[in-house]
């Protein structure tokens, strides 16, 4: 009910008098409480004054929020007690519960209470304030709770919302209590409208506590402490959020309390720790320390105890017994062990013959002391490959400031017995004497035995022991000597035999506790000549020599010979099952490629293999626009056979036959007259693709791990991202040159000896390329400078688009080789070189690599094959086609998008690998490869090679994944290459003067499918393999490929020059990179590279550098 609010003072005073009079006159009817006005709910006006009266048969009192506000208590004459509570100047904060209860318990029900709820609508107070405890509601199970957002006006409409939501929740509301229901672990607020103003309550947090069975663990920093040191114990509870710790300890029983500290382990959820720290421990603090943990919700409890020992001072005590005499066997490792207890941790020293031992004896002595428990230690002295000189008196001493103990023993070195001499002599007395001399430690015993039937002895007939017996007519004489320096015994025994009438096998056996040794000698009668023994020995040596020569000849014949991997297909049989390859020696060689030797200045060795080497050189007069040009020169070693010289000449003819292409290491010239054959090619200073990916992996990972990278970061930016350090191209070995590796450690790494020269070749210490410098720090020398238009990408950061670009460029180069009917047969990332501006070139690096020591090449018969990169038909049927190169291209893609990983890392190179390939096993998607890239890999790895996509289709598939900026830049570089006076372009134009303009796309219908013609020359080039037309997968309309432009020559020749080594300058046309979710995989092992001028290719190819 609503009562009038403010009343005049006189009226209030009169009312109080009247009320008191009524109370005095009213008879005592019951002992119950009477509240005036009766309630149970009142609505009062703000700023008004109101009186509440409570009466009863015992003293009564008004309570408000568990407190007794100021009130007037009285007792009437009839024994009735009353309490008057006057509320003045009411505000909204006076809203709430008021209780009237008895003030004592004189036989009355102590729990009898009268409740009255008063509302004071106050526009300035929307919601009643709550204590901090009321804002956090904790639950241990799913149950109904109340969110106490109470208002001062019962007429207000109140709604409940999640803290970050606008939708009202359908929960019943009580103006006196709040919202009641089952709530989730969320944050909630209440809203109401007062006038035209929306009012929000404080946020209420509902939180469900983790309550489970208590699991307590107690540990101490040290269970043994000295008097005066600190005792620190930790009690940890797992699986609960609110628990109570109670410690019991010896000091507590004597009334000396220690306040423990409780904290939460933030890095381990639901882990609470209580720490008991007792400073300056006394002897009385020894005893049991117990941690009792209780949880009040489910009344769970658990306790653990630990014993603490306080000692007056430290101690060292030996455990167990160690004999005073120890043994060690010569040349065997021996570990001497001493176990002891100590506190505090002691210092341990070992002595030999009163000299301190250490770990500095070249690895022959190892000392170690380890702590096996808190106070238990094991000290070990390990003698590695024991020597006689290590015998002696040893002492172990353990000590600290409070105590000391030592243990001594004698070490005896046991030496296995060995027969040093067994000889026979014929004294003049007619008897025959056999003398046996041997040594060992401990003292050896000597046993003589003999066997008369040489054919059946000793396997069928046991030897007869000899001694002082009349039957054998033999006598023994034995002398024993101890050698102090060697610390071993020497035994000399002489056996005297009488009347030896036929050959006799005499055996001398020495035996001691370590082992035994035996030698035999044939004692022959005096009449038998000793020349028989000498002749037998000579014949045996002759036989061994002949067998050794045969083995060496067989090994020499099986030694792999250098052969070029690239093959050019001439024709295919009508049934498509036989291929005839072009005999490279029948190809013409144009003298246009010839370069005078005096225009070539050779420098340091870049790479060296089993058959040849590649050196850095400076060529003069190759280009009109450049007086000098840095080049790579391939040559054979002086030990090369004629077949290998023929193979190198065949490689030269194939390269000149193929012609130039932007993504192939191009032939620049050759020296074939007046000395060894030199093949001069382009010089790629950043080395092979595998090494490049390894050295720049950190820039890729940093670049893509930053999720906050601004979208304005672009593909062709010349600046590093903010906060990204300059790339640190780490060299993996001591020396490196130009990105090429010296594959033979015993070869010279300085300068190439000019063999068979006429004196017309110049030598120079060519300045090594600074391959370790980042892109933006590299300043090329004059011969290397080129225009900025020839750079595809200048960014020093390795990006995802770079990986796609590398794949695209390799596909372009392989498309060119396929158009020339050329099969690569060793396509891998190690045979792809990186030039300036992230331009890649396909090569064959076998000449400068020792394939017999390269783990990527597996011996199969008399050759070494890169099995992990080979297609199934190549492995099992020796079938090589351009479509088997497509399989290898898929493996190369996997290498690129694993940042230089080794294929099939989970498969050993044994029968398991072959079985997995036969079953159709394929590698999983690399972490950095998109689904589109992995789909291309899977197409390349089709079991049936007929349905693998040709390289022309792979170019189009990869082109779709590139940005327009990249494609335009690549086309610009390609066109610039064709218009330049690059030596490969000029010499090809001179060789084909009538060939101008762009070549039309390859018409595969007229290539490779002619009838087989008889070939009397080289049957070695015929490999039976089917190579029908590939079935092109059904793809959508594809854009034209720009790669064909690189396979043609343009008659327009400008003054610009293309070089693989070029300075880097900013570019204007950026391309945004795709967003990647980067997953870092374990980094594969990197091979070591020699330090040189530029990154070295990995030693992983079989054949030619080109």
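All positions are counted from 1 along the displayed chain.
The backbone N, Cα and C atoms fix where each Cβ goes, glycine too.
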Further binder of ATP named by Swiss-Prot next to 606, 607, 608, 609, 610, 611, 612, 613, 614, taken from the candidates 630, 634: 634
205, 683, 775, 808 - the residue Swiss-Prot records as phosphotyrosine: 775
From 678, 778, 914, the one Swiss-Prot labels phosphotyrosine: 778
Swiss-Prot annotation, phosphotyrosine - which of 377, 482, 562: 562
Candidate annotated as N-linked glycosylation site in Swiss-Prot, where the set is 479, 1053: 479
Helix, strand and coil totals (DSSP H, G, I; E, B; other) for the domain 'Ig-like C2-type 1' (33-120): 3 helix, 44 strand, 41 coil
Listed glycosylation sites among 45, 103, 230, 292, 354, 479 whose Cα sits within 10 Å of residue 307 (N-linked glycosylation site): none
Cα distance (Å, whole number) from residue 89 (N-linked glycosylation site) to residue 103 (N-linked glycosylation site): 27
Listed in sequence order, residues with CB under 8 A of residue 230 (N-linked glycosylation site) and six or more positions away: 277, 278, 279, 280, 281
Greatest C-beta neighbour count within 10 angstroms, which of the glycosylation sites 215, 292, 354, 371: 292
Largest tally of Cβ atoms lying within 10 Å of a Cβ, found at which of the glycosylation sites 45, 307: 45
Same chain, 6+ residues apart, C-beta under 8 Å of the C-beta of residue 479 (N-linked glycosylation site), given in sequence order: 491, 492, 493
Tally of DSSP helical, extended and coil residues in the domain 'Ig-like C2-type 3' (214-309): 7 helix, 53 strand, 36 coil
Least Cβ-crowded entry, counting other Cβ within 10 Å, from the glycosylation sites listed as 89, 103: 89
